[in-house]
Amino acid sequence: GSETPPTPGVAPRGSGGEIFGDRSLSQGLSVLVGLGLCVTMLGLGCAVELGQLGQQLRRPVGLLLALLGQFVAMPLLAFLLALIFALDEVAAVAVLLCGCCPGGNLSNLMSVLVDGDMNLSIIMTASSTLLALFLMPLCLWIYSRHWINTAVVQLLPLGAVSLTLGSTLLPIGLGVLIRYRHPRAADLLVKISLWSLLVTLVILFILTGTMLGPDLLAQIPASVYAIAVLMPLAGYALGYGLATVFKMPPHCRRTVSLETGCQNVQLCTAILKLTFSPELIGSMYMFPLLYALFQSAEAGLFVLLYKMYGRDSYKQDTLGEEEDTDISYKKLKEEEIADTSYGTVTTEEHNSIQMEPTQTAL
């Protein structure tokens with residue numbers, strides 16, 4: 001008649017773990033998150049141009065900001081929030097995993113909407129994804145020490161995490177190759193990947209929410225919901241502050257802000273689904289989906305506020321720059337200004353004078 005005590009670190013019955021253990025549902029979700037991740041990484045590769053990549057490597061401010069934002073600020077933020085809200089080990093690992101993930105494609109879309117530096121946005125996303133191969137397992141190992149005596153941390157599959165990260169290199173490399181050889185096809189694939197991001201998250205929410213029912217969402221502690229709200233918001237603020245420290249122009253600050261707060265929730269979902277047993281992770285499988293919901297809503301609010309109050313200052317931002325940051329919007333602006341440099345006399349070395357050909361600006 002005595003009940004068996006629950007195993008530490010293992011999700012109790014009713015937490016959703018036994019339903020995730022259903023073979024057909026588990027395999028279906030695994031295929032969905034795997035395909036979604038591949039399409040997203042393919043789109044990321046298609047957005048990278050080798051010429052821009054070379055320029056950024058010669059002046060690696062984007063790489064440095066991605067390193068500081070995604071693998072210093074966000075993991076530390078996730079760790080502190082887990083401590084402040086006194087999360088149990090399962091919830092803490094889910095939050096840490098999300099905080100240690102690289103940047104997501106949502107930031108690229110949002111950067112367009114706030115007149116950001118698209119080159120910087122894409123380079124930060126791509127470089128943080130590559131850095132994640134080494135730094136994500138390291139950050140997980142460092143910050144999970146606080147919960148080291150629990151089953152979920154002792155079984156933390158760092159090798160499987162690294163394998164999942166490594167598998168993303170193939171679609172990224174394929175995307176870069178498509179961009180190099182077939183630019184128009186690459187543009188189409190970028191759009192498809194952005195739509196797949198939204199569709200995959202919606203399907204995952206519907207599947208898990210419908211099959212598991214509202215009871216699952218009710219069993220997630222209020223503290224986890226609070227973290228899902230606060231973490232992206234704090235990430236956006238940290239990113240903006242980081243860009244301000246680097247004395248970047250306003251449009252770059254907006255970009256870095258979005259890049260820091262937006263996490264690759266598809267990668268986080270894939271790792272939780274493919275590397276942890278359902279009985280172990282339980283309802284915390286929902287955390288990256290909650291994070292995706294709130295990071296999108298808060299980024300949308302960011303865009304709305306910019307459209308209402310910040311749009312008028314954009315011209316002053318770009319015209320007031322002292323250096324060319326090589327953003328697409330500035331190139332468009334320069335094309336709109338009538339070119340008066342043609343037909344001028346230039347003085348070259350050896351006192352030779354040469355007349356440049358005259359061309360009429362249309």
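If you go along the chain as it appears here, the first residue is 1 and each next one adds 1.
Keep in mind that glycine also has a Cβ here, set from the backbone N, Cα and C atoms.
The annotation region 'Disordered' is assigned in TrEMBL to 341-362.
The annotation transmembrane segment is assigned in TrEMBL to 29-51 (among others).
The transmembrane segment feature in TrEMBL is assigned to 63-87 (among others). Outside the transmembrane segment (63-87) by six or more residues, the chain places 56-57, 95-96, 98-103, 120, 123-125, 127-128, 131-132, 135-136, 139, 142-143, 146, 221, 223-224, 226-227, 230-231, 234-235, 238-239, 242-243, 246, 256, 259-260, 263 with a CB less than 8 A from a CB of the stretch.
Within its own chain, the transmembrane segment (120-143) has Cβ neighbours under 8 Å at 41, 44-45, 47-48, 52-53, 56, 61-63, 65-67, 69-71, 75-76, 78-79, 96-97, 99-105, 107-108, 111, 156, 158, 161-162, 165-166, 168-169, 172, 252, 255-256, 258-259, 264, 267, 325, 327, counting only residues six or more beyond its boundaries. TrEMBL lists 120-143 (among others) with the feature transmembrane segment.
The feature transmembrane segment is assigned by TrEMBL to 155-180 (among others).
Summarising the annotation, TrEMBL assigns transmembrane segment to 192-212 (among others).
Here TrEMBL flags 224-243 (among others) as transmembrane segment.
Sequence annotations record features per position, and here TrEMBL assigns transmembrane segment to 285-306 (among others).
Packing against the transmembrane segment (285-306) from elsewhere in the chain are residues 16, 20, 91, 94-95, 97-98, 106-107, 110, 113-115, 201, 204-205, 208, 216-217, 220, 224-225, 228-229, 231-233, 235-236, 254, 257-258, 261-263, 265, 268-269, 272-273, 278: each is 6 or more residues past its ends and has a CB under 8 Å from a CB in it. Only residues 6 or more beyond the boundaries of the transmembrane segment (224-243), in the same chain, are considered here, and those with a CB under 8 A from a CB of the stretch are 65, 68-69, 73-74, 77-78, 81-82, 85, 87, 91, 95, 98-99, 252-263, 284, 287, 290-291, 293-295, 298-299, 302. Outside the transmembrane segment (29-51) by six or more residues, the chain places 20, 104-105, 108, 122-123, 125-126, 129, 168, 171-180, 186-187, 189-190, 192-194, 196-197, 200, 203-204, 207-208, 264, 266-267, 269-270, 273-274 with a CB less than 8 A from a CB of the stretch.
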